[in-house]
Amino acid sequence: MSAVTGTFRIVSEEEQALRTKLERLTTKDHGPVFGRCQQIPPHTLQKAKDELNETEEQREAAVKALRELVQERAGSEDVCKAVAEKMQGKDDSFFLRFIRARKFDVHRAYDLLKGYVNFRQQYPELFDNLTPEAVRSTIEAGYPGILASRDKYGRVVMLFNIENWDYEEITFDEILRAYCVILEKLLENEETQINGFCIIENFKGFTMQQASGIKPSELKKMVDMLQDSFPARFKAVHFIHQPWYFTTTYNVVKPFLKSKLLERVFVHGEELESFYQEIDADILPADFGGNLPKYDGKATAEQLFGPRIEAEDTAL
């Protein structure tokens, strides 16, 4: 008889209880969306351990290793030199975002740092004078929106309601600039780093004029933002109420999507039963088929930046 070998670890009752809790979470089990995380919930720490290979010892070792890798690679290629320059003065919490986004694989975290810097070099128009005040009016208009409550998985839910979007009044680039500011701001929160984001795109009222007005290059820029350019875990993208000609726009996007993100795209149309199984109607505004009042972008901007007169004015 051949010997059976392997490594076995006794799972504590506390750990098992946390894993059981993870299977039946509600929106009330998570911390606030806005502001820094005061304390990571125990079940979220367990999730980080199970999904991201995170432990207290690993955090310290991985940050140290990533810092060293940044310096080691600084003299190799231009983007590596740019990474080293961009990372000067960054604290451990900044590096930890990238490590968590790549499940504590330090080399993949470094590649993400390169993507983060390269995206800024590739699309400088998105980052020119990029301050909270520069994008505030776009966010107040709801492009994009952010729910005040996390979903049951602890993810931040971002909204886009295309019906009233005038792409001549608010350009595609202005919306992407708003996304960039929002992502930087929300990723200061450790719960968000671990649990990630969910995006809901409401295409009710999407016109053929809007469809023809969006350039393929703009769609690619959006996909580049979602893939390998931010230390963010994009866990799901839901499209609802899309008309038949939405397929044309989506077919332009699909070739740019990597298989991992493509698997996380859900196109619901008018059949929303599975959508509401994932996203509780009690956290959704009325204009997204939920039980809350209509979405208020001005309230969101205040949550992000404070009142207008006190808003930050620091370039990212």
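Glycine too: its Cβ is placed from the backbone N, Cα and C atoms.
Some features that Swiss-Prot has for this protein:
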MOD_RES   S2  N-acetylserine
COILED    45-72  coiled coil
DOMAIN    135-296  domain 'CRAL-TRIO'
BINDING   Y179, E201  11-cis-retinal binding site
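DSSP assigns Y179 (11-cis-retinal binding site) to a helix.
On the 0 to 100 pLDDT scale, the coiled coil (45-72) averages 94 in the predicted structure.
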